[in-house]
Amino acid sequence: MKSSSDTTAKTHRGLKKQIYQDTFRTPDYFWFDPDSLEFAGFHLIDGEYQPLEPNPQGWLWSHQLQLFLGIQERQLRFFTPDGQLVLTPEETARAEQQKAEIAQQQMSQAEARSEKLAAKLRELGVDPNAL
């Protein structure tokens, strides 16, 4: 996958694509221009790159990765075959941190409720530790 600027876009579309096709025989070749959002992909068939057709979302299938590539919020992203966004490591870490924070809040709430119930039982003359 290549990210292109205006100055290198022609090189990626021509010479580099030819090198990846003929020399490296890279199964899939993509280019993406983050400024213009131009995005194209090719799959090597019988030694020649054939253009990939986008799905209804505008994503291109990578045979090699078994993932879709598509543009979301002006960024090139990966998507699973069923259309789920593949999170970056940073996004995964943030999501895990949020889950941990929610679990901590729920645990604190449960402990507070348990303390309230124990206090009420003691108020009624029942030892909560004896239950």
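Heads up, the Cβ atoms here are built off N, Cα and C, so glycines get one too.
TrEMBL lists 93-127 with the feature coiled coil. Mean pLDDT of the predicted structure over the coiled coil (93-127): 94.
Residues or ranges marked as domain 'Putative restriction endonuclease' in TrEMBL: 5-67. For the domain 'Putative restriction endonuclease' (5-67), the number of residues in each DSSP class (helix H, G, I; strand E, B; coil) is 16 helix, 20 strand, 27 coil.
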Long-range environment of the coiled coil (93-127) - Cβ separation under 8 angstroms, sequence gap at least 6:
87
